[in-house]
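**Q** Questions regarding the structure given below will be posed in turn.
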Amino acid sequence: MAIPKTDKSGPASVLAADDALPQARRQQRELPQQFSASSALSFAYIVTNSWVGYSGTFPAALLAGGGPAVFYGVIVAGIVCTIITLGLAELASAFPSSGGQYHYTFMVSSPKTRIPCAFVCGWLSCLAWCLTTVSGVIFTAQAILALVSFLNEDYQPRQWQTYLVFLALITLVTAMVCLLAHWLPRLQEIMFWSSISAFVACLAAVLGMSKSKQPARVVFTQYENETGWPDGLSFLIGLGTCMYMFCATDAATHIAEEVPDPGRNIPKVMWLTPMIGIATTVPFVVATLFATVDLGEIVQSELPILTLYHQATGSKDVAAIFTVWLIFNYFGGVLAGLATSGRMAWAFARDNGLPFSRTLATVHPRFQTPVASTVACAALMALYGLIYIASSTAYSSIVSMAILSLNVTYVIPQGILLFRGRDKVLVDRYFDLGRYGVFVNAFSCVWVGLYMVIFCFPTIMPPKPSNMNYLAPVVVVIVVLILVVWYGGKKKTFFGLRAYAVPVL
């Protein structure tokens, strides 16, 4: 095979132009190939864990329009996120790499723009994964203390106590990801079946133990908008929250080097993840909406899903047991989330995209996992958590930013692919969207573009300090951070995918 042309603009020469594309599958494995296709699916699903994610976020959709906003919002969000994931899965099939989106962005961009585009996408991916994992850890900490309060009514948790539990969880998860790396695939399979078992048990208990059922109109047609926005816009706002239940579908891409035949297995895992999510979340939504007694009490409660279980079953003991099971499943998602965050940061550092890249790009010789990057991500998450002490309202914007930033990284390479021409840029691949590719890429870009605007709106009108949306300032901070790092030195030292470089002799 002829050696492809190279761009000699940097000391670590990178593949230039589209002559590099046939080399996309030349993967240098630095991590042990420890995931099978089934354990990779378990890993990817546990991060998303849609019905469990619904348990932590459904009150926002209830405020937007009651039962119909939740029911139809979950269905639409599931379909939309599946479409966006299909476009990303095709790229994962063409260019399998632990780098994920920033790698795809580099490979589909023109020679003049690929380096800055990949840099921006890489930073957004790293920050998005930290934000997503933080949101899960905070909810887990809140759920633990809310359960204590539920069982002991004299106790009222405070924000600083929630943060201490948050730190304890971060420490425990970090230790497990780093020290039990070889057990990670088995742990994720256990968590997967725990989630599925909990879904079946909760579904049966909620339907079987509820003494009365809501009329069908409450679930399907009785739209109750309490946001102050027009009904159409309120539905879109609630729908955006429902997207949280199906986000993080790129998790499998970041273990591509640990999975056999990633060009074939990773796309399968990616599109199966939201499909399983839809199949579990929709029945759970219907069951819980029919079995509730007072939706208003649920929305206003400290832990809505706990109140929902209590209303539906009429038993504090059963509600507590299901909440403990929920916390366990959420913990599994946090475990997979931190593992993904560390691998994403490690891959980006390997290409010199982060400060202290030489350290962050190392793989621990004993544990065979990127310990340095995982610990660094955990430390950053601990700092993120301080926002919760300062303002729980400002912290709620982190959830919106997690959804938005992840989806933006999903559509950056899809938009470039659409602009440059799919036939010109894509290599032969196992998962090929064919004639549907243009629609999938275009729809994904338009949808995420729409939500870049909607997510900046206050969720309730008129806006007050207690319900203000701080997403716009968070976006500004992230943009400034990326610019500072870029012009502070990475503009001269980041040259793209070093793993695919052809040495200049």
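The backbone N, Cα and C atoms fix where each Cβ goes, glycine too.
As listed in TrEMBL for this protein:
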TRANSMEM  35-54  transmembrane segment
TRANSMEM  69-95  transmembrane segment
TRANSMEM  115-148  transmembrane segment
TRANSMEM  160-183  transmembrane segment
TRANSMEM  190-209  transmembrane segment
TRANSMEM  269-293  transmembrane segment
TRANSMEM  318-340  transmembrane segment
TRANSMEM  371-391  transmembrane segment
TRANSMEM  397-419  transmembrane segment
TRANSMEM  439-461  transmembrane segment
TRANSMEM  467-488  transmembrane segment
**Q** Please tell me whether the transmembrane segment (371-391) and the transmembrane segment (69-95) touch - that is, whether there are at least 3 C-beta pairs under 8 Å between them, with each pair 6 or more apart in sequence.
**A** no
**Q** Determine which residues of the chain contact the transmembrane segment (467-488) at the Cβ level, with the cut-off under 8 Å and only residues 6 or more beyond its ends counted.
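**A** For the transmembrane segment (467-488), the list is 116, 119-120, 123-124, 127, 355, 391, 393-394, 397-398, 400-401, 404-405, 455-460.
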**Q** I need to check the long-range neighbours of the transmembrane segment (35-54): which residues 6 or more away from its ends have a CB within less than 8 Å of a CB in the stretch?
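**A** For the transmembrane segment (35-54), the far contacts come to 74, 78, 184-186, 188-189, 191-192, 195, 198-199, 242, 244-249, 251-252, 255, 258-260, 265-266, 268-270, 272-274, 276-278, 280-281, 284-285, 326, 329-330, 332-333, 335-337, 339-340.
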**Q** Would the transmembrane segment (160-183) count as touching the transmembrane segment (318-340), if touching means at least three Cβ pairs under 8 Å and pairs must be 6 or more apart in sequence?
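**A** Touching, yes - the transmembrane segment (160-183) and the transmembrane segment (318-340) meet the threshold of 3 or more Cβ pairs under 8 Å.
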**Q** With a Cβ cut-off under 8 Å, give me the same-chain residues at least six positions beyond the ends of the transmembrane segment (115-148) that come close to it.
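**A** Distant Cβ neighbours of the transmembrane segment (115-148) are 14, 56, 99-103, 105-106, 109, 155, 157, 161-163, 165-166, 169-170, 173, 244, 247-248, 250, 302-303, 305-306, 320, 323-324, 326-327, 330-331, 333-334, 337-338, 340-341, 344-345, 348, 351, 353-354, 377, 380-381, 384-385, 388, 395, 398-399, 401-402, 405-406, 408-409, 412-413, 416, 478, 481-482, 485-486, 490, 494-497.
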**Q** Between the transmembrane segment (190-209) and the transmembrane segment (397-419), are there three or more C-beta pairs closer than 8 Å, counting only pairs 6 or more apart along the chain?
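**A** The answer is no, given that the two segments have fewer than 3 Cβ pairs within the 8 Å cut-off.
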**Q** Could you tell me whether the transmembrane segment (69-95) and the transmembrane segment (439-461) have 3+ CB pairs under 8 A, leaving out pairs under 6 positions apart?
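**A** Answer yes: the transmembrane segment (439-461) meets the transmembrane segment (69-95) with 3 or more Cβ pairs below 8 Å.
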**Q** Rank 69-95, 318-340, 397-419 by Cβ pairs under 8 Å to the transmembrane segment (269-293) and hand me the top one.
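**A** It is 69-95, which has the most Cβ pairs under 8 Å.
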**Q** Using a Cβ-Cβ cut-off of under 8 Å, list the residues of the same chain that are 6+ residues beyond the ends of the transmembrane segment (397-419) and lie near it.
**A** 57, 84-85, 87-88, 91, 100-102, 104-105, 107-109, 117, 120-121, 124-125, 127-129, 131-132, 134-135, 240-241, 243-244, 247-248, 250, 384, 387, 425-426, 438, 440-442, 444-445, 448-449, 451-452, 455, 469-471, 474-475, 478
